[in-house]
Amino acid sequence: MRIENVYLESFSLASFRNLSELLLNVSNGVNIIVGPNGSGKTSILESISLLSPGKGLKAANFDDMCKYGEDSWETRFKLNSKLGAAEIITNFRMQEKSRKISYNGSKISSTELTNFLNVIWVTPQMEGIFSTSPSIRRRFLDRIVYNFDPQHAKRLSKYEHYVRERNKVLAQRGWESETSWLGVIEDKITEEAIAISNARQEAIDLMQKSINCLATDFPKANLKLSKLFSEQRDGLSTSDCYKEELLNSRAKDSYLGRASFGIHRSDFVVTHQVKQRLARLCSTGEQKALLISIILSSIDSILKSTNFVPILLLDELFVHLDEERREQLSEYITSTKLQTFITTTDIIGIEYLALKSNIIEL
Ligand SMILES: Nc1ncnc2c1ncn2[C@@H]1O[C@H](COP(=O)(O)OP(=O)(O)OP(=O)(O)O)[C@@H](O)[C@H]1O
Ligand SMILES: [Mg+2]
């Protein structure tokens with residue numbers, strides 16, 4: 001399989017966070033962004049993370065990204081995309097709530113971004129991912145799935161739309177009326193849900209294979225998707241079971257005003273392989289190492305099973321890692337040939353990597 005490199009060539013930011021105007025030419029290999037606290041390193045990564053569906057690596061509101069005192073921001077990226085040379089422009093105006101995205105001059109939706117590139121990130125906030133809510137782990141997994149299935153983002157958005165429709169019908173008309181219309185919506189929900197769940201499971205299977213083969217000092221993890229049903233009834237397909245669950249939960253959902261069952265409640269369950277312990281019960285250092293191990297395996301499986309490689313954003317990743325692990329990670333990053341953006345306040349400790357990198361000083 002021929003791996004196509006996807007990488008940014010240059011970009012400009014205007015009124016984004018603390019950055020009034022910034023124009024950067026970048027390397028298609030490793031880029032290290034160095035600067036003191038508060039200089040804008042994470043903000044640069046955040047602007048790149050917005051080249052994927054959702055609200056970026058801080059899950060922030062677009063309003064908050066507007067430089068204080070301004071009422072709009074804009075980012076322009078020139079890149080070698082999955083579909084060749086491209087310019088992706090995003091702008092946001094306070095009055096308009098949503099961001100506008102264009103690809104080579106044509107308007108696109110954020111879920112379409114995965115047709116052009118993928119971005120994976122690791123931030124210090126993600127180190128606590130195993131102890132937070134399932135929704136954060138689910139989003140983390142879904143971002144990895146985007147790499148394997150460019151339709152995944154679109155499906156999630158359609159799924160959410162149909163679930164909202166069902167909630168609306170249940171709220172306005174009650175669960176005993178409109179049964180045929182509810183049936184139509186639930187069929188659509190089921191179709192998207194099964195495809196989403198299968199895509200998540202396939203990505204997990206590929207990542208698990210990579211984890212089991214990867215030779216690093218990072219602990220191996222066992223990955224699982226939580227069960228959709230407590231038990232699947234004999235003779236019923238997954239899809240029929242799913243529809244039955246939806247049907248059975250109409251009354252409850254009508255009362256609750258939300259969908260109590262579905263793939264929007266799935267959890268990504270991680271266990272420390274050697275210790276046979278749930279990741280959330282591991283120490284802080286073990287959790288960080290497990291997270292890195294999962295990221296490395298996801299990159300490895302993406303490289304093995306897709307034509308395109310993601311862009312990697314690593315915010316302060318090397319902090320608190322011992323020398324051995326820093327070296328292994330540096331070695332791995334340079335060997336993958338992925339375009340990588342690393343932030344640090346100091347090159348000390350990663351001199352080896354810095355020698356092979358483009359240094360961007362803020
Ligand atoms: N909307 C905004 N307008 C102006 N400044 C902002 C805005 N949002 C955040 N900032 C400020 O921008 C600065 C840069 O933040 P950023 O997180 O990018 O810094 P950093 O270089 O990553 O720092 P650290 O090394 O501490 O992680 C901070 O001082 C932050 O308070
Ligand atoms: Mg930072």
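Glycine is no exception: its Cβ is also placed from the backbone N, Cα and C atoms.
Confidence in the domain 'RecF/RecN/SMC N-terminal' (7-345), given as mean pLDDT, stands at 93. Look at TrEMBL and you will find 7-345 tagged as domain 'RecF/RecN/SMC N-terminal'.
The Cβ of Gly38 (ATP binding site) has 10 other Cβ atoms within 10 Å, all protein chains considered. The ATP binding site feature in TrEMBL is assigned to Gly35, Pro36, Asn37, Gly38, Ser39, Gly40, Lys41, Thr42.
Neighbour counts were taken as the number of other C-beta atoms within 10 angstroms of each residue's C-beta; across the binding-site residues Ser39, Thr42, the minimum falls on Ser39. The local packing around Asn37 (ATP binding site), expressed as other Cβ atoms within 10 Å of its Cβ over all shown chains, amounts to 6. Note: Pro36 (ATP binding site) has non-local neighbours Thr345, Leu362, i.e. same-chain residues 6+ apart with C-beta under 8 A of its own C-beta. Counting every protein chain shown, the number of other Cβ atoms lying within 10 Å of the Cβ of Gly35 (ATP binding site) is 16. Within 10 Å of the Cβ of Gly40 (ATP binding site) there are 20 other Cβ atoms, across all protein chains.
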